[in-house]
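For reference, the structure discussed in these notes is given below.
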Protein chains: 2
Amino acid sequence: MVRSEPVNPGAAPKIPRPVTLRESVFEAILELIISGGLGPGQHLAENELAEMLGVSRQPVREALQMLSGEGWVDLRPGHGAFVHAPTVEEADQLLAVRTLLETESARLAALDPTAGGTARLREICARGRAAIEADDIDAAVAANSELHALITELSGNKVLAELASQVARRVRWYHTPVARHRGHASWEEHALLIDAIEAGDQERAEQIMRDHTEHTRQSYMEQRAQSPDEPAPAPQRRRRPRSLSAS
Amino acid sequence: MVRSEPVNPGAAPKIPRPVTLRESVFEAILELIISGGLGPGQHLAENELAEMLGVSRQPVREALQMLSGEGWVDLRPGHGAFVHAPTVEEADQLLAVRTLLETESARLAALDPTAGGTARLREICARGRAAIEADDIDAAVAANSELHALITELSGNKVLAELASQVARRVRWYHTPVARHRGHASWEEHALLIDAIEAGDQERAEQIMRDHTEHTRQSYMEQRAQSPDEPAPAPQRRRRPRSLSAS
DNA sequence: TCGCTGTATACTGTAGGCAGTCGACGACAA
DNA sequence: TTGTCGTCGACTGCCTACAGTATACAGCGA
């Protein structure tokens, strides 16, 4: 009667596992986009997705709307959903916004270092370094995301944290390959940042975060400049694109 | 054959009029929320909305999902949609984020004042003053929104503009009554801000915008402190709330 | 050969309906 | 009187089906 949910086993109230189909579908499609299984500009036919995932079109539609809300797909009325194809300009702007949001987060986090998050920050930082040493890019990227997410949380501003997390997810999609580029330097900066937060030095925390995210941004833009065609610059195809099965 | 769309009559490519039902429903519900027809915490039964608007439940569902994505309603799986009830803390945080986003927008707008938006800014500013003189609060609030939206546009960062516009819409919902409070002073500040942008003085533009939005925020918080019960501090009601017809 | 028009196909947008589940209410027992 | 259990009502989540429309292609005429 009373829902089979075990009322949170342990102490992990975060990450509310999807209970509705639309949420599962949302995550499935998002995973496909991030992993590259669905390329930018690709048409997402509801029928195919529904069939592939073994559900009806309804939850697929709703998942697509959610994805559209977060900027992952573009919804053209009467035409359907297309994987969002970020232009170089947009990626740059997104990274700039990330800099803005996370810089403020770092400042706010330093405002009240007694919140006790620095220990967790250091733990994540250690994991990140270890991942780099082990040449485990995926783990390093994950740790990076986790670190930045925790800092936004420690800012104490939930609205800010929510916005930053959305932006960060998209950024992560864009610049995953960058992590390969400047792994060690990045984690050195993280360590300094944590020091500043722990010391309650707002200005320093702000400055380090700004420099850090700007480094990442420049690194991305340089890499992108070297291989300008790789991330598919918005094909804008007129003819009906090949759909899922063709990929 | 070739869609009846008249290919943009005139020169108003903005404001894409809703072509799908879900968009119309989205705007209808949003209007109800902003206007106060639907109070915070109120349960939105899909059936009633569908009947009221003369459509089926499907477009209503999709509109509710869109509203959820922008933070207007809370979607509790298995329970339905509820008008979001912002806490004092959340409103404060939202206003802080707005300060952050718009301050940066102002700085970027001042970075390239040749974009030629200042004339339009002055025009809107004049309208706002006139509205205040005429004691037309609604028009003043509308002009205020328009002005801030244009500044974010002039920043040249579309991602930033998009985020700021979402935040601004919610802020507008929260603090409409504030406009009554400090009308004249607000438009004086706007004029100074436009001067700074036109002069290309980033720091000044940034500072004025920061002060301006912080004033608004403090004004809101003070007003809220005086009447703490009026905006319904998240009822969190256990019993089934009265639905639409009872309002 | 080129452009236009009519038809066919595939997909979206919407409607209606069914099953599952949550919350409320009343009855019964301690 | 209080706590527990069973039943009822209502609503959500999902599925299926239909109508409308844009696109692609073939046939026709110039």
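Positions of Cβ are set from backbone N, Cα and C atoms, glycine also.
Keep in mind that what you see is a predicted model, and the values were worked out from it rather than measured.
Residues annotated as compositional bias 'Basic and acidic residues' in TrEMBL: A:207-217. Feature annotation from TrEMBL assigns compositional bias 'Basic residues' to A:236-247. The annotation domain 'HTH gntR-type' is assigned in TrEMBL to A:19-86. According to TrEMBL, the feature region 'Disordered' maps to A:207-247.
Secondary structure by DSSP for the domain 'HTH gntR-type' (A:19-86): 36 helix, 10 strand, 22 coil.
Beyond its flanks by at least six residues, the compositional bias 'Basic and acidic residues' (A:207-217) meets 92, 95-96, 98-99, 102-103, 105-107, 151, 175, 178, 182, 185-186, 189-190, 192-193, 196 of its own chain at Cβ-Cβ distances under 8 Å. Taking DSSP states H, G and I as helix and E and B as strand, the compositional bias 'Basic and acidic residues' (A:207-217) has 11 helix, 0 strand, 0 coil.
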